[in-house]
């Protein structure tokens, strides 16, 4: 009898929760239409996987890519609409949030073609892989529009959990298992530190969770200059540091890059940076409005350490993926300059512009690494020697992406860094910009070292891997080369036509 009553209560409670969720979606669903498209794509993937056999694999890629493209289209149609706060203040829609959502969707759209051949060669489970990618994308999109502390905590956890599962997707690879364990432990620690900082912010503001209400609460309680806010700032900055992976919070990055499947690394290397940057701009700029000098100082220290340590350690690496891991640490130092400058002097516009170029440069580089790794089975930098003699297209594509990452003119990376450093200089960050310029020159050295290996034609320097190099007979080879070509073009052409990109980026204000 007791069990029967408890069962009825459980059914009633579940029904109430379902009806409340349905009511919220009915009246607020139009505000998250791009996210709803991804949810529909996830459900469709599951249904097809349950009702079909493995011969329908092309449908999985088609549904995933189509849902991402339609979601991007929905975002573009919503561009320049008035800012809207929905879901009882938990979610905000404006141009600034939408540009980050667009970048995350763009990353995922380009990463899926990179994974096709790798998944077929390694015989990984395709459905679960795509589900994790789409769910991580969904978490990143909700993070970009999050307007309260609870959503800001839950959304990145959704992204992080999928990232842990993706990094350990090749279960029989010991390096992948080690990378996943380190990633999981560091991610769990960072989340606990972040939520502890949120608790200080919550208490100091008088129990407010919405970002703007926290500011009002701090004014009402006269706590905006209290030690509690300083403690909250330190904990939140440390928690954000593990998400952004600047030095000295970069310990997990090289191991995860080296041990995870290469398409997963390509996905995480860009989407995690975009999502974490969106989180940093909102959580630091709004609740810590009265502590701007303090968090500027903290971020300046992180930027300097990242630019110096990241580029110095990248020189000594022998693995291509570890080199790109340390390179990404240096790159995030440049992005932090834009976060520090903020709305003044087009800081956010320069950060968004550089991040757009970084996506194309980084994904183009990883596309080349995926192709080379599948055809040779090696990741060592020295094994790339003489690649130009066997595959000129792949060698030239990799060289262009590396040169753009280094910031050589007239490629997109040069103009992105130029605009970013110029905005930093106008804001008075002379020392920070000087460090950025010096470390950019330093990064060109190790990029050119790889390009020299690619272009060498002497037989004694060509490794057996390149000497026995063979193109893959798989049809899916076309998709990864198409994605690589798009990224290479995007790393080159935007340098010539910067004005439209800058105009769009300058429209993205709170």
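The backbone N, Cα and C atoms fix where each Cβ goes, glycine too.
The transmembrane segment annotation in Swiss-Prot covers 31-51 (among others) and is backed by sequence analysis. Sequence-distant contacts of the transmembrane segment (31-51), counting only residues of its own chain at least 6 positions beyond either end whose CB sits under 8 Å from a CB of the stretch, comprise 25, 59-60, 63-64, 66-68, 70-72, 74-75, 78, 84, 86-87, 91, 93, 101, 105, 127, 130-131, 134-135, 137-138, 141-142, 145.
According to Swiss-Prot, the transmembrane segment annotation covers 59-79 (among others). Long-range contacts of the transmembrane segment (59-79) within the same chain, counting only residues at least 6 positions beyond its ends with a Cβ under 8 Å from a Cβ of the stretch, are 33-35, 37-38, 40-41, 44-45, 48-49, 52, 93, 95, 98, 101-102, 105-106, 108-109, 112-113, 116, 126-127, 130, 133-134, 137, 479.
The transmembrane segment feature in Swiss-Prot is assigned to 99-119 (among others).
As annotated by Swiss-Prot, transmembrane segment applies to 124-144 (among others).
Feature annotation from Swiss-Prot assigns transmembrane segment to 149-169 (among others).
Beyond the ends of the transmembrane segment (183-203), by six or more residues, the same chain brings 149, 152-153, 156-157, 160, 163-164, 167, 209, 214, 228-229, 231-243, 249, 251-252, 255-256, 287 to within a C-beta distance below 8 angstroms of the stretch. Look at Swiss-Prot and you will find 183-203 (among others) tagged as transmembrane segment, backed by sequence analysis.
The transmembrane segment annotation in Swiss-Prot covers 229-249 (among others). Outside the transmembrane segment (229-249), and at least 6 residues removed from its termini, the chain residues within Cβ reach (under 8 Å) are 156, 186-187, 189-191, 193-198, 200-201, 204, 218, 223, 272-273, 275-277, 279-280, 283-284, 288, 290-291, 294-295, 298-299, 302-303, 305-306, 308-310, 328-329, 332-333, 336.
Among the features that Swiss-Prot reports, transmembrane segment is placed at 295-315 (among others), with the record citing sequence analysis.
Look at Swiss-Prot and you will find 323-343 (among others) tagged as transmembrane segment.
Sequence-distant neighbours of the transmembrane segment (354-374) (same chain, 6+ residues past either end, Cβ-Cβ under 8 Å): 103, 106-107, 110-111, 114, 117-118, 121, 262-263, 265-266, 269-270, 273-274, 277, 320-321, 324, 328, 331, 334-335, 338, 384, 387, 394, 397-398, 400-402, 404-405, 412-413, 415-417, 419-420, 472, 477, 480-481, 483-484, 486-488, 490-491, 494, 501, 505. Annotation comment: Swiss-Prot describes 354-374 (among others) as transmembrane segment.
The transmembrane segment annotation in Swiss-Prot covers 395-415 (among others) and rests on sequence analysis.
What Swiss-Prot records for 418-438 (among others) is transmembrane segment.
Within the chain carrying the transmembrane segment (418-438), a Cβ under 8 angstroms from the stretch's Cβ atoms is held by residues 300, 303-304, 307-308, 333-335, 337-338, 340-341, 344-347, 349-351, 353-354, 498, 502, all 6 or more beyond its ends.
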